[in-house]
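Colleague: Checked TrEMBL, it gives:
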BINDING   Cys129, Cys132, Cys147, Cys150  Zn(2+) binding site
DOMAIN    544-646  domain 'TRNA-binding'
MOTIF     14-24  motif ''HIGH' region'
MOTIF     298-302  motif ''KMSKS' region'
Amino acid sequence: MADTKNFYITTPIYYVNDVPHIGHAYTTIGADVMARYKRMTGHEVHFLTGTDEHGQKIYESAAAKGMTAQELTDVMAENFKKLLPVLNISNTDFIRTTEKRHEKVVQSIFSKLVEQGDIYKDTYKGLYCVPCETYVPESSVGQGSTCPDCGRPLVEMEEESYFFRTSKYADQLLDYYESNLKAIMPKSRYNEIISFIKSGLRDQSVSRTSISWGIPVPGDERHVIYVWFDALINYLTACGYESDQSQMDKYWPQVHHLMAKDIIRFHCVIWPTMLMALGLNPPVRVFSHGWWTMEGEKMSKSKGNVVDPFEMVNLYGADAFRYFLLRQVPFGTDGDFSESAMVQRINSDLANDLGNLLSRTVSMIIKYREGVVPTPPSLASIDLELSEVARTSCELYLEKMDDFAFDEALKAAWTVISRANKYIDETMPWKLGNEGEKDRLDAVLWGLVEALKLASMMISPFMPDTGHAVWSQIGFCGDPANLKWEHYKWGEPTAGIMKVHRTKEVLFPRIDIELWAEEKKARDLSKGKVVDPGEHEPQIGIEDFSKIELRVGQIVKVEEVPRAKRLYKLEVDLGYERRTIVSSIKADFTQEELLGHKIVVVVNLKPVKMCGVQSDGMLLAASMSGHEGLSLLAPVEDIPLGSRVH
Ligand code: MSP
């Protein structure tokens, strides 16, 4: 495909019924890296992200919170907007599907397709997944009539609906993909879509009568436009469709859609056929990146295992977070998120490799050349070898970046960084300095600056602030983000008089692993996460459990036990009788805290004597292994004393 100098990149527009998490951050960061890279290769870039605000899910979320859908979307869209500067995202537009500019385009496209006969009215009957807002074909229904995507139960629905003639464009779509092998990447996703198309396409229902939160069908307002039909069109709205033809001419179809595998069918089947019906070219590329899980499980609010990007940036900084996500796993592959893996990478790749190379280079130039970067009178073979490694790594980097192979591109950058670190060890500049080998020392110091120059250009799309910091510390003006690759090579352009400078802040301070682990434990605890479950007991049957008689009681008297440091003597009212219970909870509660408290008591425990006092039962409390603090178990609702706990 001809590489024009205009580049349009998009993220999915995110549903606003959830707060942004690491998955959304990942796609947005990936798109940002590509946008920044393309600017450095001389492209004009249009970079779009935004929020998807219509549909039943949003409506229900709003109702559950006692808000109108518009009120909820206004609040929630802000969360996604706020994340952008935090992640250092360079988007050029942000679209909300409730904006007038979008609703106008959606209605106009709908009418146009009705007029030309590509949308028609019929009835739809089938199994519907409400959370996914999609009908599920018989062939894909999961076990027990569940949705194959989210696993939730399907409901039978029958409704009048408008349909888009997807099937009419099936052959044209197949032809397009067969002659554009990189239109869907990676290859596995391409193959998946081809076989899906070959299995036969059905026309797509594009309206709903069962919901009201959506864009009305023009001229038939009992229907609202199906949320996916509406959402996909955002890419056209924000490209100036029907509002700015010059923008359309510039960027369409140079559009690259980025997303995870969950939504590629919408993007690789429905969307291009809609475009074909409009007489427009399909997107040049849909790239499906991998899916992040957390400790092997799908992230979800209910499991409490969602990684919050705001928190990660707050703890580690945007650059380290961006670097880790794109370095840790190949972009097309699924990955499991682990904060400790991120800390290790920060220490090894950023603090150690990159940070040391920069600080050693800058310090030596200050020490031996008063900060002025020397020009080499001649070069030795070891210098030429370093330049050759840098040259081939840059070539590889550019090739990998064009293919969204971000981890490989970063590896190429680290090849230069590691080679330069090794070069310092091999050439021993301190020895050259002490022995007065001026020419050799000039060549080595210059070579290190060149290596750092190229490294900072390579890392700049991933870590914009770090790229800039390296660039300016080795004496360049401006920001590598604003320059073009074609003007920069090893040794070119020849530097004028450049002066390095050292900043007080270390680029990436080393993280002390032990301290970090302690701090993480405390953070997890404060979020109510189980850190260490301690020893587990062997399994028991229900018949064992039912032998324990548990009842609700109330503490009516608390006394100290003479000579016992940890014990209280409690009088507990069980409704039908009062009991004395001796309990080892003095370190955790004052007498006032306990008095009147409702608790759960084991009432059929054999009596025991403690410090001379007989205890006729035991109260229940929770604690975390290895941590101080105890929490009494109590019924949440007010319930009569003596009630049985099952
Ligand atoms: N609103 C639709 C998209 C419409 S585009 C015209 C939608 N929204 S979403 O909020 O559910 O976002 C899905 C996208 O978020 C995924 O395709 C992916 O880009 C990103 N991710 C959400 N969770 C993710 C992971 N756990 N891992 C990686 N990316 C994930 O679908």
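Placed from the backbone N, Cα and C atoms, the Cβ positions cover glycine too.
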Colleague: For the motif ''HIGH' region' (14-24), what does DSSP give as the number of helix, strand and coil residues?
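Modeller: Secondary-structure breakdown of the motif ''HIGH' region' (14-24): 3 helix, 2 strand, 6 coil.
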Colleague: For the motif ''KMSKS' region' (298-302), what are the same-chain contacts with Cβ under 8 Å, counting residues 6+ beyond its ends?
Modeller: 18, 21-23, 292
Colleague: For the recorded Zn(2+) site, enumerate neighbouring residues of the same chain (Cβ within 8 Å of the Cβ centroid of Cys129, Cys132, Cys147, Cys150, site residues themselves excluded), in sequence order.
Modeller: Val130, Pro131, Thr134, Val136, Thr146, Pro148, Asp149, Gly151, Arg152, Leu154
Colleague: List the residues of the same chain that sit at least 6 positions away from Cys132 (Zn(2+) binding site) in sequence and have their Cβ under 8 Å from its Cβ, in sequence order, or write 'none'.
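Modeller: Spatial neighbours, sequence-distant, of Cys132 (Zn(2+) binding site): Cys147, Asp149, Cys150.
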Colleague: Fewest neighbouring Cβ atoms within 10 Å: which of the binding-site residues Cys129, Cys147, Cys150?
Modeller: Cys150
Colleague: Just give the helix, strand and coil counts over the motif ''KMSKS' region' (298-302), going by DSSP.
Modeller: 0 helix, 0 strand, 5 coil
Colleague: Listed binding-site residues are Cys129, Cys132, Cys147, Cys150; which sit with C-beta under 6 angstroms of ligand 1?
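Modeller: Listed by sequence, the hits amount to none.
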Colleague: Taking DSSP three-state, what's Cys129 (Zn(2+) binding site) in: helix, strand or coil?
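Modeller: Assignment for Cys129 (Zn(2+) binding site) reads strand.
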Colleague: In the predicted model, what is the mean pLDDT computed over the domain 'TRNA-binding' (544-646)?
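Modeller: Value for the domain 'TRNA-binding' (544-646), mean pLDDT as a whole number: 87.
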Colleague: Based on DSSP, tally up the residues of the domain 'TRNA-binding' (544-646) by helix, strand and coil.
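Modeller: Helix, strand, coil within the domain 'TRNA-binding' (544-646): 6 helix, 42 strand, 55 coil.
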